[in-house]
Amino acid sequence: MANYFIDRPVFAWVLAIIMMLAGGLAIMNLPVAQYPQIAPPTITVSATYPGADAQTVEDSVTQVIEQNMNGLDGLMYMSSTSDAAGNASITLTFETGTSPDIAQVQVQNKLQLAMPSLPEAVQQQGISVDKSSSNILMVAAFISDNGSLNQYDIADYVASNIKDPLSRTAGVGSVQLFGSEYAMRIWLDPQKLNKYNLVPSDVISQIKVQNNQISGGQLGGMPQAADQQLNASIIVQTRLQTPEEFGKILLKVQQDGSQVLLRDVARVELGAEDYSTVARYNGKPAAGIAIKLATGANALDTSRAVKEELNRLSAYFPASLKTVYPYDTTPFIEISIQEVFKTLVEAIILVFLVMYLFLQNFRATIIPTIAVPVVILGTFAILSAVGFTINTLTMFGMVLAIGLLVDDAIVVVENVERVIAEDKLPPKEATHKSMGQIQRALVGIAVVLSAVFMPMAFMSGATGEIYRQFSITLISSMLLSVFVAMSLTPALCATILKAAPEGGHKPNALFARFNTLFEKSTQHYTDSTRSLLRCTGRYMVIYLLICAGMAVLFLRTPTSFLPEEDQGVFMTTAQLPSGATMVNTTKVLQQVTDYYLTKEKDNVQSVFTVGGFGFSGQGQNNGLAFISLKPWSERVGEENSVTAIIQRAMIALSSINKAVVFPFNLPAVAELGTASGFDMELLDNGNLGHEKLTQARNELLSLAAQSPNQVTGVRPNGLEDTPMFKVNVNAAKAEAMGVALSDINQTISTAFGSSYVNDFLNQGRVKKVYVQAGTPFRMLPDNINQWYVRNASGTMAPLSAYSSTEWTYGSPRLERYNGIPSMEILGEAAAGKSTGDAMKFMADLVAKLPAGVGYSWTGLSYQEALSSNQAPALYAISLVVVFLALAALYESWSIPFSVMLVVPLGVVGALLATDLRGLSNDVYFQVGLLTTIGLSAKNAILIVEFAVEMMQKEGKTPIEAIIEAARMRLRPILMTSLAFILGVLPLVISHGAGSGAQNAVGTGVMGGMFAATVLAIYFVPVFFVVVEHLFARFKKA
């Protein structure tokens, strides 16, 4: 193959140009993302049961839906929540690779089976089935510059004019409004109702009748008279629009003829539909919209589309309304990808300098350099063909590939240069001879490296998706690299290189010094190798000790899934004691805001707080803050990193009285949770009941708090049981008094909850009408006695006449996991520990809890557990496949052993570098380790291949052959290894956006390659001789 292209250099150029053109077109069309679709697809079912408490919602809605979600293809796990606001949410998580569209259809079909069993009020509200991510992509906040709009004005405008257009934007899965649009609020006065012998149901029924749209038909409608000349629509009644019009609704006419109007028994106003959240931006009134990504959508494209849509809508905003983005995860994605591109360029420059140092010939150096863009662009074309994106993983694969792909070209050029110098041949003839010598080695390297990375493509789950990105990228670049090394590179060598001048090349002073030093080093290396081969037994014992050290390092290196990143944003939760009011929560959130904007003013750009909302549930005692940091370029230094900021905040905010305030970083993969660290579900497997499960949870939290050196920040991601005021209705007594139980229930529900009646028109938009007790009549326990219900004889009877009240406790939010009552526990690993260590520790603590209490991992922790289970199998399969590939290539069982024995030398270097830097055995490390395995084998192949050839063609003994092969291949091995090490150096020293992942990949690979090079050049001859002697004895036996 190589000879064909040596004789046809134009054809080689044509193929290279076609590859580059295809890659250039691919880059222009490939979408950009931080990660591929790693997170498994999720489908969320949401339902509302107005006025119901959490237990009622769970019993009558959540469980009914859950029990019908059986037989769904690819369902991994299911979690659900039921809260005191009447909301039920069931999130179904499917295996990676499942079509979200098909999953959504299947869930909808199953939901239809559950519908007849659900309460009528739930069916009337409607049930949504969304395929959106559970995590927030970005938050758009809206503020009034001059304060002319209050928070309700802002929220109404956002809900009426902005929310719907954003929800229709491409890539948006769902939107969540922090605020509420206006509604017509009817605030009832129980004393006035009692005065006029009225109950809330009378008010509701009259609003329904008098605020109604009636279709009146037509005058002259078809069929019509033959001479009909008139056709017009009949308008009977339209919906009311103003508080004044509602106030005039007629409730009853008394015996004296006087009328009782709605305004006589209630205060009517235009108020908020929902008062459950209070939003602030840097302490000022605001409203906000949280954007959640549609499953499978591209984050960058969606963010751009949202901002473009808001920019379009801003032309119609009220004069003082302004949009800000207090939380946006996409700048991190853009900058981290840019950083990897920058690293790619730096790697190419460093590799060029290394090659020039060793080759000392610009013509020779330019040949491998030309191969870099050809192979990289060709790889982009393949990525486009297989449906990949430009993301952190594929770009890391490119950076690793630079060192690999120049290896092939360097081996070709270096050998051609050697043949030209030693055999005094013209470049073309030298290239023909050289390719005959190394063609098999190039194929062997390609086969081995492909064999190393191929098993990664078949792993499952989110980890498997990460492995696949690396696998396809590296294999594609490797195969293209070998193709270029056997087509374009030899063609360039034959046409660009010059014959050696008489007396050889005369290097400049720097190169002369380098060559002198290198020749001395080569001679010293040759002598050392000869000495080593005299006492191979001693060095095999040393090798075994290195293997033992490798095993120890493997056991002591902490495990995790993915490294944490400084994403430029983080969150802070605030939870007050049960029963705390919104007033108290707002004060605490203001303290949080003041801290970040004063104590961390050099690092923090903005703070957006939402009272009444949190990932642990909705409630007046819950709050959440979105903190946006200044750009990375303005936060240089470890003390200004997100980790340091969070650590300082955790200490400072812990002093806030009567509140638990907890700042936390975002997870590495947004769709796999809301916080970094571990995510555990404590399960009531034994059906012990809510109270026993709560006790077990508290015991677990107490045990965890006793070991701050293992775990920290261990907390429940839920709401504590709160005091509840229970009304016990004596049904028999009520019946005896002629009071219907349904009337009692509706009176209580309307007064202390609210009743949605129907809709009205406001500024051209349909909005809702609610009836509820006025504020003074639902604040205290005694207010229950102010309400009356009319009996069958028309007499008003107070609720106190047939009911009693008592205080009790209950949960405002109940959780379930896979159909079992559960409680979510979040936490972080202590300093110096990994999430893997923390997970193992927490699992041991759960084992100490009462029988019947179990656990399961969810979100990111679920994927980490899956990853740790797959890693040993991945290593084993890769090693076996490499061994078999070498055996097939060399038609020998002994040669593969000589090559494979070098693998632990690279592994120990990777482990040592990772351990010394305090990093973890995560997915990136595992990818780097496989790369190290391949590169270690590659160096061994370069030596062994030449030794075998000398034994077969020149009849040399194994010792003579391996010494000569080691001497000949030392220069290309050191050159390619140093090129690779310097190629990944930018990853190792990276800081800022995306540096966590870059450090994790680069450190292990660099350490592994360094050890594989320094140790392998001495140990490979030992392995070769030992294996050859053992197999020779075996054959004689």
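Think of each number as a place in line: the chain as shown, counted from 1.
Note: Cβ is positioned from N, Cα and C throughout, glycine not excepted.
Swiss-Prot annotations:
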type	residues	note
TOPO_DOM	1-9	topological domain 'Cytoplasmic'
TRANSMEM	10-30	transmembrane segment
TOPO_DOM	31-338	topological domain 'Periplasmic'
TRANSMEM	339-359	transmembrane segment
TOPO_DOM	360-369	topological domain 'Cytoplasmic'
TRANSMEM	370-390	transmembrane segment
TRANSMEM	393-413	transmembrane segment
TOPO_DOM	414-441	topological domain 'Cytoplasmic'
TRANSMEM	442-462	transmembrane segment
TOPO_DOM	463-471	topological domain 'Periplasmic'
TRANSMEM	472-492	transmembrane segment
TOPO_DOM	493-534	topological domain 'Cytoplasmic'
TRANSMEM	535-555	transmembrane segment
TOPO_DOM	556-870	topological domain 'Periplasmic'
TRANSMEM	871-891	transmembrane segment
TRANSMEM	893-913	transmembrane segment
TOPO_DOM	914-927	topological domain 'Periplasmic'
TRANSMEM	928-948	transmembrane segment
TOPO_DOM	949-972	topological domain 'Cytoplasmic'
TRANSMEM	973-993	transmembrane segment
TOPO_DOM	994-1006	topological domain 'Periplasmic'
TRANSMEM	1007-1027	transmembrane segment
TOPO_DOM	1028-1037	topological domain 'Cytoplasmic'
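With a cut-off of 8 Å on Cβ pairs spaced 6 or more residues apart, the transmembrane segment (928-948) and the transmembrane segment (871-891) reach 3 or more such pairs and are scored as touching.
The recorded stretches the transmembrane segment (973-993) and the transmembrane segment (893-913) do not share 3+ CB pairs below 8 A when only pairs 6 or more apart in sequence are counted, and are therefore not in contact.
Touching of the transmembrane segment (871-891) and the transmembrane segment (339-359) is ruled out by the presence of fewer than three CB pairs under 8 A, sequence neighbours closer than 6 excluded. Sequence-distant neighbours of the topological domain 'Periplasmic' (463-471) (same chain, 6+ residues past either end, Cβ-Cβ under 8 Å): 35-38, 96, 388, 391, 393-394, 396-397, 400, 453-454, 456-457, 561, 863, 866-867, 870, 874, 923, 926-927. Two recorded stretches are said to be in contact when at least 3 C-beta pairs lie under 8 angstroms, sequence spacing 6 or more; the transmembrane segment (339-359) and the transmembrane segment (442-462) fall short of this definition. Only sequence-distant pairs (6 or more apart) were considered; of these, fewer than three Cβ pairs between the transmembrane segment (472-492) and the transmembrane segment (535-555) are under 8 A, so the stretches are not in contact.
Assigned with DSSP, the residues of the topological domain 'Periplasmic' (994-1006) fall into helix, strand and coil as follows: 12 helix, 0 strand, 1 coil. Residue counts of the topological domain 'Cytoplasmic' (949-972) by helix, strand and coil are 20 helix, 0 strand, 4 coil (DSSP-based).
Annotation: stretch 370-390 has the most Cβ pairs under 8 Å to the transmembrane segment (10-30), among 370-390, 393-413, 535-555, 1007-1027.
Long-range Cβ contacts of the topological domain 'Periplasmic' (914-927) within its own chain (Cβ-Cβ under 8 Å, at least 6 residues beyond either end) map to 396, 456, 463, 466-467, 470, 553-554, 556-563, 832, 834-836, 867, 871, 874, 997, 999-1001, 1003-1004, 1007. Helix, strand and coil counts from DSSP across the topological domain 'Periplasmic' (914-927) read 8 helix, 1 strand, 5 coil. When Cβ-Cβ distances below 8 Å are used as the criterion, the topological domain 'Cytoplasmic' (414-441) is approached by residues 1-3, 6, 358-359, 361, 364, 486, 490, 493-500, 504-505, 889, 941-942, 945-946, 949, 968, 971-972, 975 of the same chain, each at least six residues removed from its ends. Here the transmembrane segment (893-913) has long-range neighbours at 448, 543, 546-547, 549-550, 553-554, 557, 879, 882-884, 886-887, 925, 928-929, 932-933, 935-937, 939-941, 944, 948, 1003-1012, 1015-1016, 1019-1020, 1023-1024, 1027-1028, 1030-1031, meaning same-chain residues at least 6 beyond its ends whose C-beta is under 8 angstroms from one of its own. Summarising model confidence by region, the topological domain 'Cytoplasmic' (360-369) averages a pLDDT of 80. Only residues 6 or more beyond the boundaries of the topological domain 'Periplasmic' (994-1006), in the same chain, are considered here, and those with a CB under 8 A from a CB of the stretch are 332, 335-337, 339-340, 343, 392, 396, 399-400, 562-566, 668, 910-911, 913-914, 917, 919-920, 922, 924-925, 927-929, 931-932, 981, 984-988. Each residue of the topological domain 'Cytoplasmic' (360-369) gets a DSSP state, and the totals for helix, strand and coil are 8 helix, 0 strand, 2 coil.
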